[in-house]
Amino acid sequence: MPTPVAAARQCLSPAAVPALDAAVASSRRRAHAQTTSLHLISSLLAPPAPPLLRDALARARSAAYSPRVQLKALDLCFAVSLDRLPSVSASSSSSGAADEPPVSNSLMAAIKRSQANQRRNPDTFHFYHQAATAQTPAAVKVELSHLVLAILDDPVVSRVFAEAGFRSGDIKLAILRPAPPMPLLGRLPTRTRPPPLFLCSFAAADDADVPSPAGNLAGAGEENCRRIAEILSRGRNPMLVGVGAASAADDFAAASPYRIIHVDPNTIDRSDLGVAAAMASATSGLIISIGDLKQLVPDEDAEAQEKGRRVVAEVTRVLETHSKVGRVWVMGWSATYETYLAFLSKFPLVDKDWDLQLLPITAVHAAATAGPAAAAAGLMPPATTVAAFSKPAASLMDSFVPFGGFLCDNYEENSLTANSCPQALRCQQCNDKYEQEVATIISASGITAEDHHQGGLPSLLQNGSMMGPNNGFDPVKARDDRMVLNSKILNLRKKWNEYCLRLHQDHQRINRDPYKPFPRYIGVPTDKERSANSSKGSESVGVQKDVIKPCAVSAVHSSSTARPISSPSVTNKRNEDLVLNLQARHSKSDENLQERGMQSQHGTLSNVDNPDDHVSPSSAAPVETDLVLGTPRECSSKGSSSTCSKRVEDSERSVHLVPKKVDDLNLKHPQLSVQPNSCSWSSINVGKTSHSTLHSVASGGFSAFGQWQKRSPLAAQNSDLSNYKLLVERLFKVVGRQEEALSAICESIVRCRSTESRRGPNRNDIWLCFHGSDSMAKKRIAVALAELMHGSKDNLIYLDLNLQDWDDSSFRGKTGIDCIVEQLSKKRQSVLFLDNIDRADCLVQDSLSDAIKSGRFQDMRGKVVDINDSIVVLSRSMIQGSKNGLEEGLSFSEEKILATRGHRLKILVEPGRAITSGCPSGKVVVSPRHFLTKIQASLCSGSISKRKLSISDDQEKLQESPSSSKRLHRTSSVPFDLNLPVDEDEPLDADDDSSSHENSYGNTEKSIDALLHSVDGSINFKPFDFDKLADDMLQEFSNILRKNLGSECMLEIDVGAMEQILAAAWKSEEDRKPVPTWLEQVFARSLDELKLKRKHVSSSTLRLVACEDTVPAVKGDGLGVLLPPRIILDC
């Protein structure tokens, strides 16, 4: 039923009421029975109406037609549509001439939809508080823009627009994103104006190749990257929409200095967003790419919809946690506007929670044909350092006009200098003097530091009202002053370049410009940095430039004086003051070095912690620092040797960890000393990047634990701490235990990778020694290090140096060192794990000692192999500082578990009897925790007949003395030399206590101790608690026994069978737990079979024993060779 006009008028805002009145007048004039949406749109197209719809049509028209022709066609289409509407009769018209035509149901439905949209959007709805009476028709007044958006959804109106060549989606987007003010747009030069927003391509299909009017526009990809970077600089998250959105995202990822992590519904469960976001504060930043929005809004697949919700929930959690303390953004794209609206309708809170900003992408450059396909497949390239924004000098000069273009002054002058003088290299001394003169010119020009900082910001971010005629801002004068200033700076740079090239030809030169891969506006400062930088004045211009620009990663020769660009990792006032303080101190140190003729680059520097010797003469010059974390063993003076040794002891001390998340680990980052001007890694290693699964914490493609240039002491410490925590978390996920050992290992690795090696600047190898038992944990750590540090598990080289294990045919005719050299020649970058180092022969030990000193191995034939980028792990079963290698107080030893082989198991059924609490050997394991189920395990230690089927009830006594089981198994590492005569004076009954053997063994121990004292880190491993594992296994047996046979049945497990089960559980991987599977599938099935064969088995005593014959290996059963696929039943 039509609605009266008065009732509809009460639902509209004062700005929308005149439009409805004009529509009603048009309907009355045409003698129509109702006022429809066509009347309202037709009235808005008339000149007296507000220009909202006309401006949107001007920007949303098709480029295939002339604007005048298309708009005239639209007027004609609406006139024809109105003429087709039915008219009332003449008598009805004359009788009701004074009555207003009521509002049609379609128009009233559009008004109601507008009210609902405004009510759901708290940012745009307005309440007109009227008298709180029941007759109040509505509390939300519909604005004109929302009314037009709702009417455009009417199929009748959309069909009329389509006949004229318009699309409702394009008109909606034009209304939501109004054009910038005309005076601002008119002041832009022709070359820097953005392309017109012809959004007809937004409704194209995702995979359609629709030609764009800006498709051949030069620099379209560059323009899109600048627009994306502008949104990031505002602290908002871009959402790209249009046919060119995929290629724009691909181009930005290729040229961005940020780390980009792609997240989609299929990889959200395996992604480490929390870890990467935690590291973002110590790097240039992190962008989470959710890819195509179409993946998050599937049509009917319930599972895919659930995955999409998990993606949105995880990204929201990361943004809420790390957006305020780190540099974390989110970015996505969609080829159609309808997909974007469907995404917002499915997740209505995302627009506000993520702080999204819609960015239309209508320009697709021809060189990016492969970009959208790659982006659509979810392949976002990693962050690289590509100079993607090089523009001709003419267009760059045009961008100096105020409010025009997004390039800042600093980037333009760098580009101009690079074009005019390609060999713009200066030594350190000339560069400092040049920067001092630049700071003087800037301070004398009257342009404050705030204005200079705003010169590199987009025009809409600069302070002040740019459009006000009486606000005191003269754009022409600002443009002229800025052009004059930049001209002076260019002349200064050219002068100092020529001066340095002419007079300082033998000096080390620096070139900081090529290390700026991205315009400086991409270094997004935090709010605290902006406020701090804007209030410092003109003398802090140089410091500001260093704080906001991104980090450029490079590796240079140790003798070079190139100073890296500082990282924008300062996120609070306290850390910022620390960085500025260290930079000021180092500035004075650099000045003193320059006055001495740059001769102290390789000498001993003064202590950086002395405040009296490091007072910055002027903070006007830009200062940077290349302070890196020094080696704890390297001290600047003899007086600090005791302090350094104490730091070494502290750094090698293990820290207790709680095995949860990395943020919950009670970690202590390495105790590293900070030394100024430390030598960086050698230039010969540049490009030798390891293919690590860990992404770099800084852009440049380097491994997270490879070589990088230090930015500042604070940034270096933050980076090392992040790497340390990340490495601990990854190793703990693989190993699952030995928290203290993992902490010490990661501390040693980060310390060695972060500082110059104590063996020389060109040495990148790391030597570790693992002391103690738990050999499975050691091997898992070695495998994890090979995968994390060198990209694959295949980069692990494992060799057991025990003399008794060299009977294999593959080792025949080879010595231990020959095998090491052969394997290292195949895998240059690897983890070399040498087990049982204390049982190796003297030749291997001597070769290892030489390799630690020289960094290379040499076999018996003279072949030499380098170990420069490898990690060498030496392992021994004896704990450091202990003379006994046995685990005291444990019922099961690792030596016995390792010697266990897979035997068949058998269940013996005996009549019910009470299990005594002891056996003749006195070794009984009865856990009070499992006594509730009346299950006990009688573990008779060392029985000779424990693997035989004929086991007596009284359990045979031990045949060997307890002392023999506790005797440490030692194999003499001194080989026999047949060329030496036999010592006749040696007694025939010589044993281990003879003096000759003690001397040889003592010499071997000294050689091993000297070798192990030369490693970078010694780590003690705790013995594995097999008793606790046995208790867990007993509990599993108890649960299955109670479930299948009841609580009255008793089970007695032979020690041989128990050792076999413990070995299977210990040697299995963490993600594969074969023992619970075996219990459920094999043991439980055997109990069911036994229950069918024996009637009163529930009141009997069962014994699980091991047989003599071994279990044949069966492929694909998943149980391993230690667990038989079936258990023999003795009924």
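Cβ coordinates come from backbone N, Cα and C, glycine included.
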Which stretch does Swiss-Prot mark as motif 'EAR 3', out of 64-69, 214-219, 400-405, 976-981? 976-981
Under Swiss-Prot, the annotation motif 'EAR 1' belongs to which of these stretches: 138-142, 173-177, 578-582, 1103-1107? 578-582
Its residues classified by DSSP, the motif 'EAR 2' (799-803) shows 1 helix, 2 strand, 2 coil
What is the pLDDT of the region 'Repeat 1' (12-85) when averaged and given as a whole number? 87
